[in-house]
Amino acid sequence: MSPTNPRILPYGEAAIAEAAQVIRAGGCAAVPTETVYGLAADATDSRAVAGIYEAKGRPSFNPLIVHVPDLEAAELIAVFDDDARVLARRFWPGPLTLVLPLRAEAGISPLVTAGLDTIALRVPDHRAMQALLDASGLPLAAPSANASGGISPTRAEHVATSLAGRIPLVIDDGATPAGLESTIVQGRSVLRPGPLSLRDLFPDGRAQIGGNGTIVAPGQLESHYAPGKPLRLNAHEREAGEWLIGFGAVLGDDTLSLRGDLTEAAANLFAALHRADARADGGIAVAPVPELGIGVAINDRLRRAAAPR
Ligand code: TXA
Ligand code: MG
């Protein structure tokens, strides 16, 4: 593949048709969703899925999320109980991933689930990913479109930089609106915090954060979303050589949200980390972010980004 790859194609019929063709031929293509840009391939084709792992340099024990157009398509791949169906009806399309028992007959590649008998499924709420699902007619495995362990991409340029020379194309439909990966739920456990908070999902409070310890979820990979430079959390001011990412009253070189709005901060988080990584002379410092609502997911990503590598 040429080092000038990926080509960046603006969202439109032609771009979707070309990406669908690449995917139907067993390749992978990057496409925006409402959360982050994903690197999509045919979830029923083991060679295609191997191509995702290879492009990302991803450890093969970390399973992938499969994207489908609607609940009906999801029910062909996984077994839903009443609770799962309630969540799906309420939050799909949207930034919710459900981990459910896999239907073996669905023909999903075992590389997608990394050998587990469960599968992570979601219905994305984004015109580009929906159009690609429609044009390809396939369930699409799609992790975030960045080199493994790096900062997730919320813009086409982030993808192009992180996966330069490794994928053929990226569909550009601007910045992703939510900016953080989907909330992953299994039963009444939240395996990965995300745009939908515990309270959004389970207003009765009968729920918990974290898996049962045997599940391979991002929580077990301590260092993740990591910039190249060291990251210091809960900073109120910058130390020598640092690039400070502010929030609310803490003014930085950059800010997640001047008015202290957590949804705005989530949408800006990864772009701010990409910018800081490019501009900081020394380390990166980040202002405290309240542990409320989507702030829980922001702090989850920040802690992993700051974890020792
Ligand atoms: O918002 C998102 O979810 C984005 C966009 C592209 O849709 N995708 C995404 O995929 O974040 P990825 O592959 O980066 O994250 C998938 C996570 C993995 O870290 C994995 O641990 C968890 O989902 N996962 C996948 N299958 C699982 C399973 N069967 N049981 C438990 N966790 C699972
Ligand atoms: Mg990721």
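Cβ coordinates are placed from backbone N, Cα and C, and glycine is handled just like the others.
Just so you know, TrEMBL annotations are computer predictions that nobody has curated.
Here the Cβ of T35 (L-threonine binding site) has 28 other Cβ atoms within 10 Å, regardless of which shown protein chain they belong to. Here TrEMBL flags T35, H67, R122, A142, S182 as L-threonine binding site.
Under the heading ATP binding site, TrEMBL lists R58, N62, T118, S144, S152, R192, Y225. Just so you know, the Cβ of R58 (ATP binding site) picks up 18 other Cβ atoms within 10 Å once every protein chain is counted.
Positions annotated as domain 'YrdC-like' by TrEMBL: 13-196.
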Going by Cα-Cα distance, pick out whichever of the binding-site residues H67, R122, A142, S182 is nearest to R58 (ATP binding site).
A142
H67, R122, R192 as binding-site residues, winner by CB count within 10 A
H67
Measuring Cα to Cα, how far is S152 (ATP binding site) from T35 (L-threonine binding site) in Å?
10
Where the C-beta lies under 6 angstroms from ligand 2, the matching binding-site residues among T35, R58, N62, R122:
none
Validating a neighbour-count step here. Other CB atoms within 10 A of the CB of S152 (ATP binding site): how many?
26
